[in-house]
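J.: Following this message is one structure expressed as structure tokens.
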Amino acid sequence: MPRRLNFLALLGVAALTVSAYASATHNNSFDLQPFKIDLTGEVARLLDLVRNTRLPAQALYPDVPDKGIALDFLRELRTDWLDSFNWEAQQAELNQFTHFTAVIEGQTVHFVHEKSADPDAIPVILLHGWPGSFHEFSPVIKPLTQSWQSATGKNVSYNVVVPSLPGFVFSSAPPSNWTLDDTARIYNTLMTEVLGYPTYAIHGTDLGCVVAYSLYSSFNTTVRAGHFVLIPFFPPSAQEIAANNISLSDAQKVAEERFIEWSTTGTAYSIEQTNKPNDIGLALYDNPVGQLAWIAGNFQRWSDPRAGTPPSVLNNTAILTSISLYSLTHTFLSSAWTYALNPATFRSVYTKAATDAPMLFSQYEYSIGMHPQEYVAKVGNLVSYKVHDFGGHFAGLDNPPSLIEDIREMGLYFKA
């Protein structure tokens, strides 16, 4: 699907900016270009569509809970979109980051690249999933570039790279035979050839964890540490956990309950997008409120019930920013197709990656997946396993300080 955007892709200092971020010996054969978000021209029409969309006067069955997004919540978000949400302000915040596009294997790849002042900074790539975007890492990008000193006196800082998955917001939609393993391959090219980093670290969540694990297991000479909040293996059942005499903390027990609930009643979106992405994608292609209804409930259900209260920044503005990015870039359809192109992303058999790179894992109490330490250790060189009693599926928004802390810890184990 072509992206209908008003790109400000060329800046007056393009050559200087590109040379500052590319390898000194790079000939820019990947068409590396600075990029600035400018979706202002799309906003008036979006708001007209939101304004002219009718919602029911009242819930059809208010006494039947948990059957999708609540009408009251949808109405609240719609009102905020019209009355208080300011796209220009959000766009300005996103443009505080340094954005680029590159063309790799015919795919236009959008990414943020924020460099640390520390010449010894570790390169790291942060990978989002659905219904997220690069935006969900906004609270952690700048802090990760800053120098942090561990208790042992080691300084850790990062050069942070955050790409948009193919078919999401500013990255082009892939061909029909494209898989998340292909995405991993071009991201390795992005890090090593486009940006000139011989080794780097990774972080992945949701579909991004599939890409991250593919990088971790397939590019063991370049990926030298990995941090995950989810792994692409089906979590064990409660019966398997009990049979293996695994003790769970209170937070892990909550996460296990959340996984059971999600796997029982929460996968309708995945089934639809895997089997009939055109049905939902075309139905909502030009319907921002429809996209809001399809997506916003997941932000709410998959997050800590305390979302929006410190340390969480996952509030209505964050949700509306995420959905505005999908709607304004006309990529709801292509993002949904990611499921159809990758129908078997999570594995049943736990196999160990062929790498000695350190692996770190963070389990959040309100995540929709629960992987005990014993199971995570089956798939990688696990050196750290942490449980957080605040936060859910979108850790970058739901508990930014903890995610910053855990990714910084990865720097202590990084093997260049």
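Including glycine, each Cβ sits where the backbone N, Cα and C put it.
Copying in the features that TrEMBL gives for the protein in this structure:
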- D206: active site, nucleophile (ACT_SITE)
- Y339: active site, proton donor (ACT_SITE)
- H393: active site, proton acceptor (ACT_SITE)
- 33-137: domain 'Epoxide hydrolase N-terminal' (DOMAIN)
- 1-24: signal peptide (SIGNAL)
J.: By DSSP, how many residues in the domain 'Epoxide hydrolase N-terminal' (33-137) are helix, how many strand, and how many coil?
T.: 37 helix, 24 strand, 44 coil
J.: What's the most sparsely packed of the active-site residues D206, Y339, H393, counting other C-beta atoms within 10 A?
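T.: Looking at the active-site residues D206, Y339, H393, the Cβ with the fewest others within 10 Å is that of Y339.
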J.: Hey, how far is D206 (active site, nucleophile) from the residue listed as 'active site, proton donor', Cα to Cα, in Å?
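T.: Cα-Cα, rounded: 12 Å.
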J.: What's the CA-CA gap between Y339 (active site, proton donor) and the residue listed as 'active site, proton acceptor' in angstrom, rounded?
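T.: Cα of Y339 (active site, proton donor) to Cα of the residue listed as 'active site, proton acceptor' measures 18 Å after rounding.
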J.: What average pLDDT is reported by the model for the domain 'Epoxide hydrolase N-terminal' (33-137)?
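T.: Mean model confidence (pLDDT) across the domain 'Epoxide hydrolase N-terminal' (33-137) is 98.
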J.: Can you see whether DSSP assigns H393 (active site, proton acceptor) to helix, strand or coil?
T.: coil
